[in-house]
Amino acid sequence: MASASSLGLLLMLAALVSTATAHLSPTFYDTSCPRAMSIIKSTVTAAVNNEPRMGASLLRLHFHDCFVQARFHLTNHPVFFFYFDLMPKSSKQGCDASILLAGNERNAAPNFSVRGYDVIDSIKTQIEAVCKQTVSCADILTVAARDSVVALGGPSWSVPLGRRDSTGAATAAQVISSLAPSTDSLAQLISAYASKGLSATDLVALSGAHTIGMARCRGFRTRLYNETNIDAAFAAALKANCPATPGSGDGNLAPLDTTTPTAFDNAYYRNLLSNKGLLHSDQELFSNGSTDNTVRSFASSAAAFGAAFATAMVKMGNISPLTGTQGQIRLICSAVNS
């Protein structure tokens, strides 16, 4: 049986965790900056209408921000949270807009092709004009991801708000180690997501973001020429724009979902059922493995996919946020306050 001192420590830890969690709320800016959400929505909608691919770019920007240096506790029960995760956090932690800082994470190899910085900068400028140093870049990015999905016909969800911005960024090595490459096996993908507190169902749901957006030839060349669980006609059509020789056509783009590339729907999963996943990691989700039934479920029900995607996005957005007095509210998203 636990001692009185141990129980006291556990209760203290639980109280601290409860306090930290309470900082995030969908109504966080209702009084301090009531126009913030409408500014984000209108700017994102205009950007996506001008270039549908921008929706996928903003969603990816949020994903890459959240996954780098995100720490999850080994159990969801608050009394087992590690002590060091209750210490003040300000440098780099999960969804904290560190990817928006000039240089640093932006220059890491997995982020070379990340886009959408200009849209976030535009939103920040507009919000600063009406609410000085109130709305964090981290929250702007999180809401912009949601609004991008909605603009392309996908589900909406309530976004908990109150994140603060980091005062530093991850190193290139940390970025590389945090983002699962498209060459990973299903077991590696499940493990990578589990380390962020995300389940196998979350993995399959979040991968559904590939119902929009593009990938470069260098990312799927090996799948086209070396893998057998790929539809022959699908592969042949892609080979025309993605030569086998490395360095030839590396940057050529192909839609991740060739069926409805600019609509946020569940066609991605139907493609997997036909061995038409563009990336190796896509097809791994439906390759006689433990996630096959989840793929089948999402392929047959857009509503099931939409609900699971919304749930997974909230979970991802809530991984180890900076809150309260941690971090800062940047004046511009690309630089730490002086």
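In case you wondered, yes, glycine gets a Cβ from its N, Cα and C as well.
Taken from TrEMBL, the feature Ca(2+) 1 binding site covers D65, V68, G94, D96, S98, E105. What TrEMBL records for H210 is heme b binding site. Residues or ranges marked as disulfide bond in TrEMBL: C33-C131, C66-C95, C137-C333, C217-C242. Residues or ranges marked as domain 'Plant heme peroxidase family profile' in TrEMBL: 23-337. Among the features that TrEMBL reports, signal peptide is placed at 1-22. For R60, the entry in TrEMBL reads site 'Transition state stabilizer'.
Averaged over the domain 'Plant heme peroxidase family profile' (23-337), the predicted model has a pLDDT of 92. A simple way to gauge crowding: the CB of C95 (disulfide bond) has 28 other CB atoms within 10 angstroms, across all the protein chains here. A straight line from the CA of D65 (Ca(2+) 1 binding site) to the CA of C242 (disulfide bond) spans 29 Å. Of the candidate binding-site residues, V68, E105, H210, the one lying closest to C95 (disulfide bond) when CA atoms are compared is V68. Rounded to a whole number, the distance between the Cα atoms of D96 (Ca(2+) 1 binding site) and C137 (disulfide bond) is 8 Å.
Considering only the binding-site residues V68, G94, D96, E105, H210, the residue whose Cα is spatially closest to the Cα of R60 (site 'Transition state stabilizer') is H210. Compared over the binding-site residues D65, D96, E105, the count of CB atoms lying within 10 A of a residue's CB peaks at D96. Here the C-alpha separation of C333 (disulfide bond) and H210 (heme b binding site) works out to 26 Å. Across the structure, G94 (Ca(2+) 1 binding site) and C66 (disulfide bond) are spaced 4 Å apart at their Cα atoms. With respect to C131 (disulfide bond), the closest of these recorded positions in Cα terms is D96, chosen from D96, E105, H210, C242. Neighbour counts were taken as the number of other C-beta atoms within 10 angstroms of each residue's C-beta; across the disulfide-bonded residues C33, C66, C137, C242, C333, the minimum falls on C33. Local packing around the recorded positions R60, H210 was summarised as the count of other Cβ atoms within 10 Å of each Cβ; on this measure the leading residue is H210. The two recorded residues, C33 (disulfide bond) and V68 (Ca(2+) 1 binding site), show a Cα separation of 29 Å.
The recorded positions listed here are V68, C131, C217; among them, V68 has the most other Cβ atoms within 10 Å of its own Cβ.
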